[in-house]
Amino acid sequence: MTNYAIILAAGKGTRMTSDLPKVLHKVSGLTMLEHGFRSGKAISPEKSVTVIGHKSKMVRGGLADQSAFVHQTEQLGTGHAVMMAETQLEGLEGHTLVIAGDTPLITGESLKSLIDFHVNHKNVATILTATAQDSFGYGRIVRNKNGEVIKIVEQKDANEYEQQLKEINTGTYVFDNKRLFEALKCITTNNAQGEYYLTDVVAIFRANKEKVGAYILRDFNESLGVNDRVALATAETVMRQRITQKHMVNGVTFHNPETVYIESDVEIAPDVLIEGNVTLKGRTHIGSGTVLTNGTYIVDSEIGQGSIITNSMIESSVLAAGVTVGPYAHLRPGTTLDREVHIGNFVEVKGSHIGEKTKAGHLTYIGNAQVGSSVNVGAGTITVNYDGQNKYETVIGDHAFIGSNSTLIAPLEIGDHALTAAGSTISKTVPIDSIAIGRSRQVTKEGYAKRLAHHPSRSK
């Protein structure tokens, strides 16, 4: 069995009120177009064709080289859009899935069931349908007394009886590929909207006594077509629930799953504990046994097993096992932390590698640095890495001790087991086993404070 897929992505999406094409709006980290394309891969299509139109270059970039593309210059209806794909699929034997690019909730499992149903029943066309409590606005499935599908009627063309029908067209179909394009040559624009309806091919098939069927979705949410921001928010809510439920089934504990945002490509190992208001985005991986406390935000990062991240932000970073971060820490892109590193409250790290068991507990900035293992970085330490034009590197050896309130002016190297005195400004190399002191000598003037205006004795 050879399968093909057509994704309809040419529309502007006026009701979105956006400069961004509708299909490029995101749901749980992926564009609606990407969601549809990924779901369509469940049928293993030999060829996928995406129909583009409005801002076609931008939409094309959303799938890059994963699909063939055809251009619909004028948006003259769904039937006209599918006609554009004939140049790619004409004359091919097999079954063609047609899916709208604005239905992000449709699952691969449902599409696989749809095409299996189509093949097993030897249909020339199979419609994916759903039962709606309120069917207003949807195309209605019209059946005869024997329960056979005889046509699909759009809302504007439906009579009073048809408007009462609850079975609706989801806009997803499977067709015999050759018969699809033959039937499309017979449809007209003789309807309320003056468009070429793809749904009109159903009546054509029936007139030729060809078999048409319908596969009914179990979950109505999958049928959601996103046409405005309200529907986009609904899709986001449903997708978020799906994602958290998937992770819970796989052994992840959530204290308050309704408040957690996890994108589609995030991977979480079993026995992770996630508190409320946690955000996980992009290609993030969380290792087993890790704890993410309230307010943590992680994007495109790898967190090693058994780590504890407390109310902190982590971006494009790699953390080994047993790391502790926070509260209120910020790991910026390019940060690598080895095993059992501790990054404490109000510490910022950027573009740096920090060796195992090193600690930076408080109020510190480490940028463009190579820090060895078992280093103690005292509170208030700053790596001065930027001169207004270029960034420079600081290198700190193993077992070094950086005193509190040290200012390290790069480029700089501090050797193994070296020490900088608290309050020092260090701008020259500190050799192995050395102590560097870079501060003014303290001068104490006894009794002098009594001469100052703030002293209590001055108010008498």
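Backbone N, Cα and C define each Cβ position, glycine as well.
Residues Ala379, Asn385, Tyr386, Ala422, Arg439 are recorded by Swiss-Prot as acetyl-CoA binders, and the candidate that the same record lists for that site, out of Ser404, Ser457, is Ser404.
Of all the binding-site residues given, namely Asn169, Asn227, Asn385, Ser404, the one with the smallest number of surrounding CB atoms inside 10 A is Asn227.
Reduced to three states, the DSSP call for Tyr365 (UDP-N-acetyl-alpha-D-glucosamine binding site) is strand.
Counting residues 6+ beyond its ends, the region 'Linker' (230-250) has Cβ neighbours under 8 Å at 16, 25, 27-28, 32, 104-105, 221, 224, 257, 260-264, 266, 268, 270 in the same chain. According to DSSP, Leu8 (UDP-N-acetyl-alpha-D-glucosamine binding site) sits within a strand segment. Rounded to a whole number, the C-alpha distance linking Asn227 (Mg(2+) binding site) with Ala422 (acetyl-CoA binding site) is 61 angstrom.
Not a single one of the binding-site residues Gly77, Tyr365, Asn385, Tyr386, Arg439 has a C-alpha within 10 angstroms of the C-alpha of Asp102 (Mg(2+) binding site). Predicted-model confidence for the region 'Linker' (230-250) is 98, expressed as mean pLDDT. Cα-Cα distance from Asn385 (acetyl-CoA binding site) to Ala10 (UDP-N-acetyl-alpha-D-glucosamine binding site): 49 Å (rounded to the nearest whole number).
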